[in-house]
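Report on one structure; see the data block that follows.
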Amino acid sequence: MFNDIPVFDYEDIQLIPNKCIITSRSQADTSVTLGKYQFKLPVIPANMQTIIDETIAERLAKEGYFYIMHRFDEDSRKPFIKRMHEQGLIASISVGVKACEYEFVTSLKEDAPEFITIDIAHGHANSVIDMIKHIKTELPETFVIAGNVGTPEAVRELENAGADATKVGIGPGKVCITKVKTGFGTGGWQLAALRWCAKAARKPIIADGGIRTHGDIAKSIRFGASMVMIGSLFAGHIESPGKTVEVDGETFKEYYGSASEYQKGEHKNVEGKKILLPTKGHLSDTLTEMQQDLQSSISYAGGKDLDSLRHVDYVIVKNSIWNGDSI
């Protein structure tokens with residue numbers, strides 16, 4: 001029964017250190033394998049229009065990071081795949097589940113992307129299962145990520161349909177208001193939901209949403225994630241696609257949810273909002289700091305790579321990260 005499982009979130013958990021076996025944090029290996037490919041970090045900038053664009057996607061791919069291009073400029077996806085392949089880079093795109101997306105997937109047979117993410121808010125749906133099967137029939141070599149979900153049953157169904165990885169998280173993100181608008185979601189217990197889903201998974205799990213600090217990446221891996229999708233920590237950079245806004249002499253970047261009226265262009269079935277984030281330097285600096293912090297996490301775990309994080313003990317201490325405990 002669900003009511004028998006412990007419920008907690010990132011701020012409620014502290015990982016317990018083990019004896020360090022490396023002489024320098026720089027020796028810790030933060031690389032991760034997804035499908036046939038290895039990447040520098042187990043993190044993915046959220047496939048949102050204010051987080052990633054083609055320029056950032058290209059740069060991430062060149063530097064060895066994983067990315068997922070958003071699906072909100074449908075006509076540009078095919079040229080994007082071609083351009084990435086011409087440079088010898090992986091192509092990783094998103095699709096929805098509308099009828100036109102079936103034709104689009106079929107049209108990719110001659111130049112199939114390495115990764116496709118089926119990206120809808122409630123991924124435990126027949127429409128997602130049908131799309132997984134369609135992609136696997138038309139593009140059998142393409143790695144399929146499906147989501148988003150929040151239960152073990154959903155993970156098993158999507159895996160059984162052919163998904164190569166599932167994305168876990170229903171509304172825990174900073175600009176998502178699903179739990180407020182609908183009463184449903186994993187907001188406030190995202191880490192426990194991740195643990196619950198990971199126990200049922202046979203394939204990689206991607207934790208999506210609720211990441212507020214770099215330490216949350218290590219916690220996600222401890223509780224079963226292979227990779228971690230992050231929105232707000234990747235928003236607000238100088239090169240971020242979000243619109244630049246000046247307020248009282250200060251510079252901000254817009255950051256809004258994929259189900260917001262700003263993304264949809266209409267006030268209908270809105271489950272996202274828009275916020276302004278202070279501009280915070282370059283994306284490369286954040287990626288470097290994330291890697292260094294994750295290397296420190298590995299050193300505290302007593303290992304040499306990400307796998308060591310999966311075996312550490314932990315304690316549940318309610319609201320152990322609270323008043324002002326931020327980077």
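Placement of Cβ uses the backbone N, Cα and C atoms for every residue, glycine included.
According to Swiss-Prot:
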- Cys176: active site, thioimidate intermediate (ACT_SITE)
- 205-228: NADP(+) binding site (BINDING)
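Structure coloured by features recorded in Swiss-Prot.
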| residue | record | DSSP (3 states) |
| --- | --- | --- |
| Cys176 | active site, thioimidate intermediate | strand |
| Ile205 | NADP(+) binding site | strand |
| Ile211 | NADP(+) binding site | coil |
| Ile217 | NADP(+) binding site | helix |
| Phe223 | NADP(+) binding site | coil |
**Complete:** Cβ neighbour count (10 Å, all chains) around Ile217 (NADP(+) binding site) is 27
**Prompt:** For Ser226 (NADP(+) binding site) and the residue listed as 'active site, thioimidate intermediate', what Cα-Cα distance in Å is obtained after rounding to a whole number?
**Reply:** 23
**Item:** Pairwise Cα distance for Ser220 (NADP(+) binding site)/Cys176 (active site, thioimidate intermediate) [Å, integer]
**Value:** 19
**Item:** Local Cβ density at Phe223 (NADP(+) binding site) - other Cβ atoms counted within 10 Å
**Value:** 25
**Message:** Please give me the CB contact count at 10 A for Asp208 (NADP(+) binding site), counting all chains in the structure.
**Reply:** 30
**Message:** Can you give me the Cα-Cα distance between Phe223 (NADP(+) binding site) and Cys176 (active site, thioimidate intermediate) in Å, rounded to a whole number?
**Reply:** 22
**Asked** Asp208 (NADP(+) binding site) to Cys176 (active site, thioimidate intermediate): how many Å between their Cα atoms?
**Response** 12
**Request:** Sort out the sequence-distant neighbours of Ile205 (NADP(+) binding site) for me: same chain, 6+ apart, CB within less than 8 Å of its CB, listed by position.
**Result:** Val155, Ala165, Thr166, Lys167, Val168, Leu194, Cys197, Ala198, Gly224, Ala225, Ser226
**Complete:** Ranked by how many other Cβ atoms lie within 10 Å of their Cβ, the binding-site residues Ser220, Ser226 are led by Ser220
**Complete:** Whole-Å Cα distance, His214 (NADP(+) binding site) to the residue listed as 'active site, thioimidate intermediate', is 20
